[in-house]
């Protein structure tokens, strides 16, 4: 379980997050949504251990987070892949740093690539892949170390609408298959409503938790309902419009 208690943090010397309290249980998919500059990415970087926080605590499985760790896998918007390595070696890179023997790490990488639908692309280089394929490699790399928690920072923001839909459904299938805790940062309202088991809205400016919304659309998808059916459901449309109105309220209040 991820437990965030009374978290305060700065960014660029200015307060960015104020009194954040969140819990992410095993098997849940928490989505954090808010206007630009509300501290979404700062929150993810704190959980990943990339930057220090000023007050409060972040704990995973009862242990305080004070730096990066293999129990947290991170997927970035820009992928962060190594262009001089092929796809399989990119996925295996973290395992290499951990001292895993070569044949074992390549086998793990191969299995992860199968999970994300890239079987047969192991020897390609990053420049030979589409944007969606590169994000699949990033997800496979994050999963290779078998982390307790998967963190994703707007991973589909640069993709076209069709590819974004494919990646959303892939991530939901992986979430169901692995049972991992997942925390997704996004600015896309429809994506947030579709994918979250709990949606956290952050306020503009100094990031505070504005509202927490339990949702069931992701569970409906993994239970077998199509994404098209879900997104055309009046309940989904009403929730999307409600969240949109809340985000616009924050933008207007901060402008």
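Positions of Cβ are set from backbone N, Cα and C atoms, glycine also.
Feature annotations, courtesy of Swiss-Prot:
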BINDING   34, 35, 36, 37, 38, 39, 40, 41  ATP binding site
DOMAIN    2-229  domain 'ABC transporter'
Cβ within 8 angstroms of the Cβ centroid of 34, 35, 36, 37, 38, 39, 40, 41: which residues besides those meet this for the ATP site?
187, 202, 204, 207
Mind giving me a neighbour count for residue 40 (ATP binding site)? Other Cβ atoms within 10 Å of its Cβ, every protein chain shown.
23
Show which residues of the chain containing residue 38 (ATP binding site), separated from it by at least 6 in sequence, have their CB under 8 Å from its CB.
202, 203, 204, 205, 207, 250
In terms of DSSP three-state secondary structure, what is the assignment for residue 38 (ATP binding site)?
coil
Relative to the Cβ position of residue 34 (ATP binding site), how many further Cβ atoms are located within 10 Å?
26
If you count other CB atoms within 10 A of each CB, which of 35, 37, 39 wins among these binding-site residues?
39
For residue 41 (ATP binding site), the number of other Cβ atoms found within 10 Å of its own Cβ:
18
With Cβ-Cβ distance below 8 Å and at least 6 positions apart along the chain, what are the contacts of residue 36 (ATP binding site)? List them in sequence order.
187
